[in-house]
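Here's the structure we're looking at; comments come further down.
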Amino acid sequence: MKDSWNSTSIIPFTFSSLIFFLFTFDFQDVFGVPTKHLCRLEQRDALLELKKEFKIKKPCFDGLHPTTESWANNSDCCYWDGITCNDKSGEVLELDLSRSCLQSRFHSNSSLFTVLNLRFLTTLDLSYNYFSGQIPSCIENFSHLTTLDLSKNYFSGGIPSSIGNLSQLTFLDLSGNEFVGEMPFFGNMNQLTNLYVDSNDLTGIFPLSLLNLKHLSDLSLSRNQFTGTLPSNMSSLSNLEYFEAWGNAFTGTLPSSLFTIASLTSINLRNNQLNGTLEFGNISSPSTLTVLDISNNNFIGPIPKSISKFINLQDLDLSHLNTQGPVDFSIFTNLKSLQLLNLSHLNTTTTIDLNALFSSHLNSIYSMDLSGNHVSATTKISVADHHPTQLISQLYLSGCGITEFPELLRSQHKMTNLDISNNKIKGQVPGWLWTLPKLIFVDLSNNIFTGFERSTEHGLSLITKPSMQYLVGSNNNFTGKIPSFICALRSLITLDLSDNNLNGSIPPCMGNLKSTLSFLNLRQNRLGGGLPRSIFKSLRSLDVGHNQLVGKLPRSFIRLSALEVLNVENNRINDTFPFWLSSLKKLQVLVLRSNAFHGPIHHASFHTLRIINLSHNQFSGTLPANYFVNWNAMSSLMATEDRSQEKYMGDSFRYYHDSVVLMNKGLEMELVRILKIYTALDFSENKLEGEIPRSIGLLKELHVLNLSSNAFTGHIPSSMGNLRELESLDVSQNKLSGEIPQELGNLSYLAYMNFSHNQLGGLVPGGTQFRRQNCSSFKDNPGLYGSSLEEVCLDIHAPAPQQHEPPELEEEDREVFSWIAAAIGFGPGIAFGLTIRYILVFYKPDWFMHTFGHLQPSAHEKRLRRKQ
């Protein structure tokens, strides 16, 4: 019985002891299993306080993720997105908010820099957001930082000198902002290895304190306004691998000490004002240099023979070098790794023999640019010579004075890119060109070609899948119909045959290209018939202006969901206003000028339209007062916030840029490239009547407004005073009455205005812009008077001023604000408009990422890619 009692009493004792053991024993010490502690409460609270200062810009698109959405009060901050903690202490060590769609204006009291609860941060990454304002000096509180990345934001002001006190930093990226002034002293950051301050507005000379940074490996100063000479003792940076300072105003000679740095692999100093004789000095042996770009400077003299010592060179750009003599290509034969060679615009006095060059031993080169030099090429060669030593992939011969198509190219079966534009080549384009199996890009523009050889179609039949993607043949003398072989180029993305003498209709077989064709330019030909009804689902730009096209706009265009530019000007199209095009969510440019369009301009909400030209048609009727309420791209609702980065339409496409002709400041001007922030509205030379809609004042981003030669009546809306970006205003040749609104005198960008041939009266506004106009701008308005008018029209009659202005003018300001309120009150409509806004301004899809914009790769990202 005793034994039984003992056994039953031991069991509960042993179990309770085991529970106690499990809860108290530190298994981590035995098994080495890490357990993440809960984050510290004061740090969680600090992060939540920080979150309140951020606004998430929605929608958040590809490549961007709203990191702070996972931050919640009832969860462990160590598990939040963008947060890395110490596994033992729970201390927040890393804060990564990059690409998070965050917007905030920083100031001296911003929580991020003032809370001491995050003082042990080692990494702070705010890159690729929409942060603005100035960096406060208290950033030095983060004394443990090793990585600080503020790149690709909108930070302004000077770079705070206190950053130089962050002595533990190894990585600092301030690129892609709006910093101004001189760089502060960074000489105490002895651990720094990577420094990027490119793409700002920094001034002054080369920051000499940087020469103290002995561990520096990557240095980028590009795209600023630095001046003066580069230091002669650049060799102090003995660990430098990557040096970029292109796009500044550096002068003086190229410091030869650069080439004694044994670790240096990349130098880019293009687009400066460096001068003198090109010399490389004592080159380190063996040289590790792989990239050398010193193009677009003011160097003179021959290419130094010592360049042959750069035995690992892969990319060499010496373009725009004033060689003042012949080019000795033998100096490149020792560069066995050379792949890209740019010798364009050398100002050489001799002719480059392409045949001799192709017979040389530059076998590693796959891309060569000789544009802007005198180049000769034997056109008649034997079959035995069809196998040159040199096989090249990319050849650029633009503006080389070539008069016949180089026959030697027919054996270049590895060629992918051929630019032979801006020469004097006449006759027909040879059929064998299209048999080159890897050919992707051909530029034949600005020559004297008359047609394509008949053997072209036979040549294409020999290729299973033609690879051609870009065919540019503009500004030639091509005649006859559009060649049918083009329909067989089923990978074609860009087709430009503009400015030729082609006739006939657009072939229906071009529907074969509906899956790939993005840019079609056939303007300035003699094409007739109707527009194709095929659905080019990838079409982004269609320009068929200045032809003889008839009929109507195909209603199938409503399914061109990718369309951004539609230009049908100067044809014979007879149709009503295509209001249905407003459903195209990406349409930005619409040009219907000089056709036979007629009837009313129906009310339509063109949310994304930035340029519209309806001039020289037969449109009639009135425009309702709220006509422009939802034209968001021309209003501040979709205005780009990046004024410093002037981006053009088609920037992401190297081989094609949209253009448009507009009446601007009284002159017909061609915009060879279209700025993304440029906006214009031209309704001139029609039969429109009634009052000018007061909602015109909502278009605050408008640059050009032309309503001339219509039958508008009533007063000029005072709401036009809201058009803060307006540069050109033409309301001449109407029946307008009343005064010129005084508010127009406050428009500082308004350089041209025309009020002539109306029934205007009263005081002409003051202001510099009005005083700079010609007298003709006010002609045939006998009731106008004022000092501004007296200055531009010497002898005028000034009637007595009226005592009372019409009550309509007194109410206009209130009414335009009513339209603004109405616009804001449109609930779902405005949400839809804002969605389109962000698509246009902040969406960065793959096709938009090459140059783009504000989300271009930073210098250190490019560097990392090279290492991979």
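Numbers here mean position along the shown chain, with the first residue as 1.
Note that Cβ sites are derived from N, Cα and C of the backbone, with glycine treated the same way.
The model shown is predicted, which means the values in this text are computed figures rather than measured ones.
Under the heading N-linked glycosylation site, Swiss-Prot lists Asn109 (among others), citing sequence analysis as support.
The Cβ neighbour count for Asn141 (N-linked glycosylation site), using a 10 Å radius over every protein chain in view, is 19. According to Swiss-Prot, the feature N-linked glycosylation site maps to Asn141 (among others).
Counted within 10 Å of its Cβ, the other Cβ atoms near Asn275 (N-linked glycosylation site) come to 15, all protein chains included. Under the heading N-linked glycosylation site, Swiss-Prot lists Asn275 (among others).
The N-linked glycosylation site annotation in Swiss-Prot covers Asn282 (among others). Under a cutoff of 8 A between CB atoms, and with a sequence separation of 6+ in the same chain, the neighbours of Asn282 (N-linked glycosylation site) are Ser256, Phe259, Thr260.
Proximity of Asn342 (N-linked glycosylation site) to non-local residues of its own chain (separation of 6 or more, Cβ distance below 8 Å) is seen for Ser295, Leu316, Asp317, Leu318, Ser319, Met368, Asp369, given in sequence order. Residues annotated as N-linked glycosylation site in Swiss-Prot: Asn342 (among others).
The Cβ of Asn347 (N-linked glycosylation site) lies under 8 Å from the Cβ of His320, Leu321, Asn322, Thr323, Gln324, each on the same chain and at least six residues away in sequence. Residues or ranges marked as N-linked glycosylation site by Swiss-Prot: Asn347 (among others).
Annotation source Swiss-Prot lists N-linked glycosylation site at Asn477 (among others). Spatially close to Asn477 (N-linked glycosylation site) yet at least six residues away along the chain are Ile448, Phe449, Thr450, Asn500, Asn501, judged by Cβ distances under 8 angstroms.
The DSSP secondary structure for Asn503 (N-linked glycosylation site) is coil. The feature N-linked glycosylation site is assigned by Swiss-Prot to Asn503 (among others).
Over all protein chains present, the Cβ of Asn706 (N-linked glycosylation site) has 23 other Cβ atoms lying within 10 Å. The annotation N-linked glycosylation site is assigned in Swiss-Prot to Asn706 (among others).
When Cβ atoms from all protein chains are considered, those within 10 Å of Asn746 (N-linked glycosylation site) total 15, not counting its own. According to its DSSP assignment, Asn746 (N-linked glycosylation site) is helical. Sequence annotations record features per position, and here Swiss-Prot assigns N-linked glycosylation site to Asn746 (among others) based on sequence analysis.
Other Cβ atoms within 10 Å of the Cβ of Asn754 (N-linked glycosylation site) number 22 in total over all chains. Residues or ranges marked as N-linked glycosylation site in Swiss-Prot: Asn754 (among others).
On its own chain, Asn774 (N-linked glycosylation site) has Val792 as residues at least 6 apart in sequence with a Cβ closer than 8 Å to its own Cβ. According to Swiss-Prot, the N-linked glycosylation site annotation covers Asn774 (among others), on the basis of sequence analysis.
The annotation repeat 'LRR 3' is assigned in Swiss-Prot to 168-188. Here the repeat 'LRR 3' (168-188) has a mean pLDDT of 96 out of 100.
Here Swiss-Prot flags 189-213 as repeat 'LRR 4', drawing on sequence analysis.
According to Swiss-Prot, the feature repeat 'LRR 5' maps to 214-237, an assignment based on sequence analysis.
Taken from Swiss-Prot, the feature repeat 'LRR 7' covers 262-285. When Cβ-Cβ distances below 8 Å are used as the criterion, the repeat 'LRR 7' (262-285) is approached by residues 217, 222, 230, 238-254, 256, 291-304, 306-307, 309-310, 317, 321, 863, 866 of the same chain, each at least six residues removed from its ends.
Secondary structure counts, DSSP: the repeat 'LRR 5' (214-237) has 3 helix, 4 strand, 17 coil. Using DSSP to sort the residues of the repeat 'LRR 20' (588-606) gives these counts of helix, strand and coil: 0 helix, 6 strand, 13 coil.
Remote same-chain partners of the repeat 'LRR 12' (389-412), defined as residues 6 or more beyond its termini with a Cβ less than 8 Å from a stretch Cβ, comprise 344, 354-355, 357-363, 365-381, 418-427, 429-430, 432-433, 435-436, 438, 443. When DSSP labels each residue, the repeat 'LRR 8' (287-310) comes out as 5 helix, 6 strand, 13 coil, counted as helix, strand and coil in that order. Asn774 (N-linked glycosylation site) carries neither a helix nor a strand DSSP state and counts as coil.
Long-range Cβ contacts of Asn503 (N-linked glycosylation site) within its own chain (separation 6+, distance under 8 Å): Thr479, Gly480, Lys481, Asn525, Arg526, Leu527, Gly528. Outside the repeat 'LRR 20' (588-606), and at least 6 residues removed from its termini, the chain residues within Cβ reach (under 8 Å) are 545, 564-582, 612-624, 627, 629-631, 633, 649, 658, 660, 674, 682-683, 688, 829, 833, 840.
Helix first, then strand, then coil: DSSP counts for the repeat 'LRR 12' (389-412) stand at 5 helix, 3 strand, 16 coil.
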